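> One structure, as structure tokens, below. Some questions next.
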């Protein structure tokens, strides 16, 4: 049975939530494999908006949903998000939601450190959500994390907290921040331990069992591949690997378990926070895209930067992630434009290149090379059939396919999950 990885191919906010929700109808299991509660999904179901930032999208559909070991989990946010969804009428029990026992936790010390750095102590503003994601991953790599399973081992938890705070209190002293007493952190964790522990499981075994049963597994990525810690616009990236390969490490399933990688891309480009953005439009076009596309962050409410579709960037991530097909979203936002531009290459220091360099200084110097296409006046919003799209919209989509080297598998024409043109089935064996 085919399993599918969904990965963003831009800087996040590509519309993965809707696509994952749409695909989850065919899936038996939905897995989050990286990130934390710093990236949000908005699902619109029967006119009701559900905002998720930590829980997998499958929980809203009653599918078995797994938070894998590659995710850093804020236990207090977990409880809060759970309550909000339950208040909206979503039934969530340990039968449909499981959390990896070896997932690392986000604590208040991580949020403190994240905020202190972002507020200027480090001298580098990345544009993080200040939710402690980066510091939590630092502790994971530094082998001092408090993990889910530690909440169940109360006789050794205090010793682990003390070891963690030997590192954090030294940092806090250097930054002029008051030190944290181990008992304070212990009490914070005990406040929510009884609420989160029933969801804990050895999830790699659970996923292996479901795979052997022939169930379809959908791996849900957060953010976008261009924010990847290795392959993104470093240092203006997130703290985890967001490319498709992380699905294996962050879930405990091997590469042989995945049969299709579906990339998600907007019909234009957006970015939140700092960092290079070659096709950004700081003009009327950017304002048009932002207002028409309602480009404000789900988690932070921050206004997103907007620009033309960057085929160079998407093609690069298609190759790195082994993407076989693209779900193109928000085509309807482009309705009414007289002309639409696509970036087909870059120019830097007088020479042409067909990739985004790794050097941040070079990334800032690249100039986009545009191809201009005729726009369309007809509405694509809510279109359900390929044949009903305006001729120029079809030409635009076909040109994107040519430039990025893979076909468009799904085409989204509104936030509603039903408004999706189905071209290729990612779950087909």
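Positions of Cβ are set from backbone N, Cα and C atoms, glycine also.
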> Please state which member of 26, 223, 316 Swiss-Prot lists alongside 13, 14, 15, 16, 38, 39, 40, 41, 129, 143, 238, 302 for binding IMP.
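Answer per Swiss-Prot: 223.
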> Does DSSP put residue 331 (GTP binding site) in a helix, in a strand, or in coil?
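For residue 331 (GTP binding site) - judged by DSSP and reduced to three states - the answer is helix.
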> Taking Cα-Cα distance, which of the binding-site residues 40, 129, 223 are within 10 Å of residue 18 (GTP binding site)?
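Correct set: empty; none qualify.
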> Using the alpha carbons only, what distance in Å do you get between residue 12 (GTP binding site) and residue 38 (IMP binding site) once rounded?
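Just about 11 Å between their Cα atoms.
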> Return the single residue from the binding-site residues list (38, 42, 129, 223, 413) that has the minimum number of other CB atoms within 10 Å.
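Each of the binding-site residues 38, 42, 129, 223, 413 was scored; lowest Cβ tally within 10 Å is 42.
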> Could you find out if DSSP has residue 41 (active site, proton donor) as helix, strand or coil?
strand
> Please work out which residue of 12, 15 has the most C-beta neighbours within 10 angstroms of its C-beta, and give that one of the binding-site residues.
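For the binding-site residues 12, 15, the Cβ with the most other Cβ atoms within 10 Å is 12.
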> Sorry to bug you, but what's the C-alpha spacing from residue 15 (GTP binding site) to residue 223 (IMP binding site), rounded to the closest Å?
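Taking the Cα atoms only, residue 223 (IMP binding site) lies 10 Å from residue 15 (GTP binding site).
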